[in-house]
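Going by TrEMBL, these are the annotated features:
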- 33-57: transmembrane segment (TRANSMEM)
- 35-407: domain 'Major facilitator superfamily (MFS) profile' (DOMAIN)
- 69-89: transmembrane segment (TRANSMEM)
- 101-120: transmembrane segment (TRANSMEM)
- 126-147: transmembrane segment (TRANSMEM)
- 159-181: transmembrane segment (TRANSMEM)
- 187-209: transmembrane segment (TRANSMEM)
- 266-285: transmembrane segment (TRANSMEM)
- 305-324: transmembrane segment (TRANSMEM)
- 345-364: transmembrane segment (TRANSMEM)
- 384-402: transmembrane segment (TRANSMEM)
Amino acid sequence: MTQVNLDPYLVQFALDDKENPKLVQNWSRARRWYLTVLSAFLSLNVGLASSAPAGIATQLKTNFKLSEVVAAMTISVFVVGYCVGPLFWGPLSEQYGRRPIFLVTISIYACFQVGCALSKNATSLIVFRLLSGMFAAAAFTNSSALTSDIWDAKTRGKALAILNLAAFVGPTLAPLVGGYVELQMPWAWLFWILAISAVVCFLLIYFTLPETYAPIILLHKANHLRFKTGDHRYHSPLELIQKQKLHERLAVTLTRPFKIFICEPMLVALTIYMSFIFGCMYLLYEAYPVVFTEGYHFQSESLGLTYLPVLGGYVLGVMGYLLIFNPQYEAAMDRHKTGMLPPEIRLDPAIFGAPLFAITFFWFGQAQSISNGPSHSLSFQMDILSVYFVLGTSYVGCLTWVDRASS
């Protein structure tokens, strides 16, 4: 059950090992795509939670007597949690596996959604939102890692495109859901809905998601061999690391992201760019109610519909990536028999999209100086569609570059 190596008791995957998730004959494409869609659903779920309070902002300001700035914090602190969470969940998933981290973080995230629903004041709501964002970040971080676990480099771009579409669609659909809640029921029901959807995610993970991280699978194989044979000399590569003291392991695990970030200038530049894109996305979610209700005099029940062109922009961006840029990458892989391609090839969509990203934001601002009218309103929405076409395409290109460079 082990490959020939210098240590006969070091457990590794055999060439035809049925537990190796990378081998096509072991995991069918249908199973891989199911796990990819499940990961996308998790990202969609937590994405909904990130900007959902934008739809119930009026009720929140009335019930808690919030100012505009404090009301905006119900969204911004969740995004702050996004920044903190990955520093823990990514490295910890490499020590304990993808599945346990998913189960723990999603269950705690669901509890914090209940806390939001039961909040009696603005302080408790903001604190629960911050903690929710920290644990929700695991869905984004580990979903990308799971996708890399089960797909080869040639197909990984398609899977990550679907995954990132869900990550962007979630915050876009959230104001629609929140707007419906504000019109039909008390504000707390929004967080009850998010808690229920988190429980559904937990059940799907518990019953259908296997462990996909190869070192953890080998750890399980080593445990099985020790139990079956009674020979405790069998061990996995990960256990060689786990022999270190706990504080030493935590120091190495939790400081690794910072070391990689500092030592890789290209990663620094790419991270800053992606952070800027995310910031612009949430900035627009805050600007939409002001622009369309005050500038174009839309009714609150119609405001959620203005986000639909944004959704269309995401879909167009991913379609452009799948139909134009990903085939180019696959053709390049076919030309290189070794399969080792410069990761910069993944940056083609970002190179194409970066200038258009700036142009469309100028277009966005110019639309505000135009007199109100249905045609101008449609033109304004098409500006946003163009912006998010670039956002979707560039983000997919950048993220797949990071994934390829780190693998």
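Cβ from N, Cα, C; glycine included.
Just so you know, TrEMBL annotations never went through curation; they're auto-generated.
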Assess whether the transmembrane segment (187-209) lies in contact with the transmembrane segment (345-364), where contact requires at least three Cβ pairs under 8 Å among residues 6 or more apart in sequence. no
Same-chain residues at least 6 beyond the ends of the transmembrane segment (101-120) with a Cβ under 8 Å from one of its Cβ atoms are 42, 46, 49, 85, 89, 92-93, 128-129, 131-132, 135-136, 138-139, 142, 188-192, 194-195, 198-199, 201-202, 205-206, 209
Averaged over the domain 'Major facilitator superfamily (MFS) profile' (35-407), the pLDDT of the predicted model comes to 80
